[in-house]
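**Student:** Below you will find the structure I want to go over with you.
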Amino acid sequence: MSPQTETKAGVGFKAGVKDYRLTYYTPDYETKDTDILAAFRMTPQPGVPAEEAGNAVAAESSTGTWTTVWTDGLTNLDRYKGRCYDIDPVPGEENQYIAYVAYPLDLFEEGSVTNMFTSIVGNVFGFKALRALRLEDLRIPPAYTKTFQGPPHGIQVERDKLNKYGRPLLGCTIKPKLGLSAKNYGRAVYECLRGGLDFTKDDENVNSQPFMRWRDRFLFVAEAIYKSQAETGEIKGHYLNATAGTCEEMLKRAACARELGVPIVMHDYLTGGFTANTSLAFYCRDNGLLLHIHRAMHAVIDRQKNHGIHFRVLAKALRMSGGDHIHAGTVVGKLEGDRQVTLGFVDLLRDDYIEKDRSRGIYFTQDWVSLPGVFPVASGGIHVWHMPALTEIFGDDSVLQFGGGTLGHPWGNAPGAVANRVSLEACVQARNEGRDLAREGNEIIREACKWSPELSAACEIWKEIKFEFDIIDTL
């Protein structure tokens, strides 16, 4: 045999195609504490056995290719290959299976969400043997978690910076999202903040357009923040969107926010990309800025039940890449969100140790080994009548982000903010007194209306507004 086709062990190379299961199916494998574990929902093509499909996923997302190659003999495949160690049928679904795959830690670059996703959700999602494939969950081992900085500051540090405790934080997205001049935009911010909100927000698609360049917006918003702080005696903030066409421009905008002395900036982490997001998170920690994350484009990736990536995986990835807030649905508003599923990934964002719980879609126990937590942001079609449910569902460590539910108040932005703040304070007080928000919520809001004309007007205008549609992404 010629040297070109001889392996390290001196055994001849046998060309050809062999079943993936001969190499990648290891049902007796005991997972290691250092393995990254993945749960994939597979829909094989007709005639493709589930075992072969699961092994193809393990192979194509790690060391495998479609045919045997002679360079396999130049490394130790048993050390580096992904292993499909279990396959379970999905109850109630025809021809759907959950394939569990273990990846050795050495396959991944330290501190790189980009590299992790390039491997695990790369070419395998276009594999012809699969009709559909969805990544349902990942177990990130402590050994890998410790290579990430994570959120720039986290929940407790943010509360200390703001000096605000014992309640959810309140925010508002400025509307109309596009078309306002910088000066009028700053005026809208000021009215909301002086009315009682903690934060206002750039919409995700506000960057630097002809009608409002970013630097002008930053200056007028900073003026609004300082003026509202002087009037209310509270620390205020506005999520200045630093998302840009290049990383250099993004960091320049963040640096301007720092120089203006404002507390927080914002990034669209999926459209901006994980490399850019991680770079911004490092900058924010080094320079004392909080980082708000918007998930624009997430539904393209996560909404279909049988294909894509579940949001709980995107949420874990954000906690690793870095962000102090992230939008997480509302359960009760206009955007998709099953209650149990939402509470599952909310815990994955906030808590340090989360037990496996399939009833909430959590496939693996996750230990974050003290990586800072992330505030979930409830946003999308919410108003004062939703406040009891939002307070009960999300608890104190959350941001309740209104938009039309503040700016649509018949008396203007500041009264809309007053209505939001009064309804929140009423719900928190009622909860602290032992009242049941889920059962008594409407009564609590009506009682608060008696001493707040702003809240009464808000309740009247939105009393018939509901968003009742079937949830697409269920367990």
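Glycine residues also receive a Cβ, built from the backbone N, Cα and C atoms like all the rest.
Source: prediction; values computed, not measured.
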**Student:** According to Swiss-Prot, N123, T173, K177, R295, S379 bind substrate; which of H238, H327 is also listed for that site?
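**Tutor:** Swiss-Prot names H327 for this substrate site.
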**Student:** Roughly how many Å separate the Cα of H294 (active site, proton acceptor) from that of K175 (active site, proton acceptor), to the nearest whole number?
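**Tutor:** Counting only the Cα atoms, the answer is 16 Å.
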**Student:** Restricting to the same chain and to sequence separations of six or more, state which residues have a Cβ under 8 Å from that of D203 (Mg(2+) binding site).
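**Tutor:** Once residues fewer than 6 apart are set aside, D203 (Mg(2+) binding site) is near T173, I174, K175, K177, L178, N241.
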**Student:** Fewest other CB within 10 angstroms, which one of the recorded positions K175, K201, H294?
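**Tutor:** If we count Cβ atoms within 10 Å for the recorded positions K175, K201, H294, the smallest count is at K175.
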**Student:** For the Mg(2+) site (K201, D203, E204), what does the 8 A shell look like? I mean other same-chain residues with CB within 8 A of the CB centroid.
**Tutor:** T173, I174, K177, D202, N205, V206, Y239, N241, M266, H294
